[in-house]
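Copied over from TrEMBL, here are the features:
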ACT_SITE  Glu81  active site, proton donor
BINDING   His79, Cys109, Cys112  Zn(2+) binding site
DOMAIN    28-141  domain 'CMP/dCMP-type deaminase'
Amino acid sequence: MREAFFLIFNFYFLKIYNFEPTDEDPITVDETYMREALKLAKQAYQEDEIPIGAIIVSHGKIIGKGYNLTERLNDVTAHAEMQAFTAASNYMGGKYLKDCTLYVTVEPCVMCAGASYWTQVSRIVYGATDEKRGASKFGQLYHPKTTIVSGMLQKECADLITSFFRNKR
Ligand SMILES: [Zn+2]
């Protein structure tokens, strides 16, 4: 419902003022979408999955979503980003995610960074840093065309992970 409201609001807002979402304060736009990714991370948490959520946005529209499903699917590759990439590519009808931004609550791992390379996604905005398995620890894995923004809602994203593992002990 809130999503529908947001889309309708966006539609009228853009219509009246006639400017692209990119002309708005990018911090506000990124934060809004990161909150959507956080909702998916919370959904994963409720399902006893490592709480990581991802969305992909193209021209102000969410075209792919995912959250970690490695337990449910018994599949170590079922990371939030992988599902969001697949959904977005299906939506786009092509494998490249030009003019798309991936929002993910935790820094991508090497597998997801590698997958993002193949999609050539334009931007990646992530929340919490993964000190152990984050792709940035392993050199330049992202596509040269991909811009990386880190630390968006870092605390909220990290707190979810910390709380999850605290409850596991
Ligand atoms: Zn991953």
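Every residue gets a Cβ built from N, Cα and C, even glycine.
Keep in mind that TrEMBL annotations are predicted by a computer and have not been checked by a curator.
Residues His79, Cys109, Cys112 make up the record's Zn(2+) site, and a Cβ search at 8 Å around their centroid adds Ala80, Glu81, Met82, Pro108, Val110, Met111, Ala113, Ala115 from the same chain.
Cys112 (Zn(2+) binding site) falls within a helical segment according to DSSP. The Cβ of Cys112 (Zn(2+) binding site) lies under 8 Å from the Cβ of His79, Glu81, Met82, Val104, Ala135, each on the same chain and at least six residues away in sequence. Other C-beta atoms found within 10 angstroms of the C-beta of His79 (Zn(2+) binding site) number 25, with every protein chain shown included. Per-residue pLDDT, averaged across the domain 'CMP/dCMP-type deaminase' (28-141), gives 97.
When the recorded positions Glu81, Cys109 are scored by other C-beta atoms within 10 Å, Glu81 scores highest.
The residue listed as 'active site, proton donor' falls within a helix when secondary structure is assigned with DSSP.
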